[in-house]
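Novice: For reference, Swiss-Prot lists these features for the protein:
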COMPBIAS  228-241  compositional bias 'Low complexity'
COMPBIAS  242-267  compositional bias 'Polar residues'
COMPBIAS  279-289  compositional bias 'Polar residues'
REGION    223-322  region 'Disordered'
TRANSMEM  22-42  transmembrane segment
TRANSMEM  57-77  transmembrane segment
TRANSMEM  112-132  transmembrane segment
TRANSMEM  159-179  transmembrane segment
Amino acid sequence: MSSVGTAEPDGDQRDRHVSKLIFFLFVFGAALLCVGVLLSIFGYQACQYKPLSHCSIVLKIAGPSCAVVGLGAVILARSRARLHLRERQRQGLQDPDQSFFCGESRQFAQCLIFGFLFLTSGMLISILGIWVPGCDSDWAQEPLNETNTGEGEPQICGFLSLQIMGPLVVLVGLCFFVVAHVKKKNNLSSSRDTSEVEGGHAHSTEPVHITVGDSVIIFPPPPPPYFPESSAAAPSPGANSLHQIENPPSYSSLFNYGTPTPENQGAASEREQELIYTISGQGSSSERSYTGHLPLDLPPRYEEKETAPATPLGAPSDASPP
């Protein structure tokens with residue numbers, strides 16, 4: 001018993017460590033993905049109108065590298081989470097991620113963090129696209145004073161893509177918030193269903209409202225079960241022994257042999273003074289056989305009652321001579 005009791009907390013602790021590792025991989029991968037996307041956009045816009053010699057090689061490589069590493073971490077965490085959930089379902093255990101952080105599930109926390117990261121990234125991209133000036137008239141007048149017009153083209157131009165991409169990333173973040181809300185609602189409904197199943201006798205007394213078009217149909221609550229205690233209560237060992245004692249012996253044992261079954265030996269020992277009358281089907285005479293323990297004082301036999309009145313009739317016949 002002690003080995004089983006110590007094995008269960010070790011298994012739960014291991015599952016919690018795995019859940020924390022999966023959560024860390026999700027958050028780390030999402031953060032790297034957002035940073036990589038931001039660096040890639042900034043590097044692309046900064047190096048778009050500059051020659052390759054003036055553009056830093058680190059700025060061009062850091063963004064895609066961070067994005068690839070973050071995407072790989074998210075994919076790894078996703079596959080590890082599916083494998084862990086499948087293993088828990090095979091063992092028939094409860095999912096430990098249902099109450100991961102402050103009573104909420106791990107998926108809910110992940111969606112909240114993803115939504116916050118994408119919302120922040122989208123706002124930064126939108127601010128960058130709006131704050132940096134584009135190709136307006138003030139920027140277009142600068143190259144007129146220079147002799148070489150080929151080198152005097154505006155270098156910060158084309159930030160319209162950031163102004164379009166920013167709201168799209170913000171929209172993705174809002175979608176993550178909606179998914180988090182749906183996850184929380186599903187978890188609440190599933191926990192409510194499990195509590196109702198575990199309760200068994202819990203019965204809702206509220207009417208059911210069903211909307212059909214513009215009309216609302218109200219159905220009364222379902223009736224309570226007929227035998228709530230018999231289905232919910234578990235049989236106790238004392239009750240089983242009592243039922244075994246009170247149950248009568250089988251019909252075949254009484255009819256053929258007139259002896260109690262082994263299950264009712266205790267009942268026969270308690271009822272020593274009781275007689276069981278059985279009818280034997282083999283003989284034609286209606287004799288009554290006694291089984292069990294007979295009392296000490298037996299009643300007189302039927303033959304003795306027939307011979308008793310015959311003796312006084314025979315005595316005078318012998319006494320009177322011819």
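Residue numbers in this text run from 1 along the chain shown.
Even glycines carry a Cβ here, placed using N, Cα and C.
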Novice: Give the one range among 57-77, 112-132, 159-179 whose Cβ atoms make the most pairs under 8 Å with those of the transmembrane segment (22-42).
Specialist: 57-77
Novice: What else in the chain is close to the transmembrane segment (112-132), if you only count residues 6 or more beyond its ends and a Cβ gap under 8 Å?
Specialist: 26-27, 30-31, 34, 37-38, 41-42, 156, 159-177, 179-180
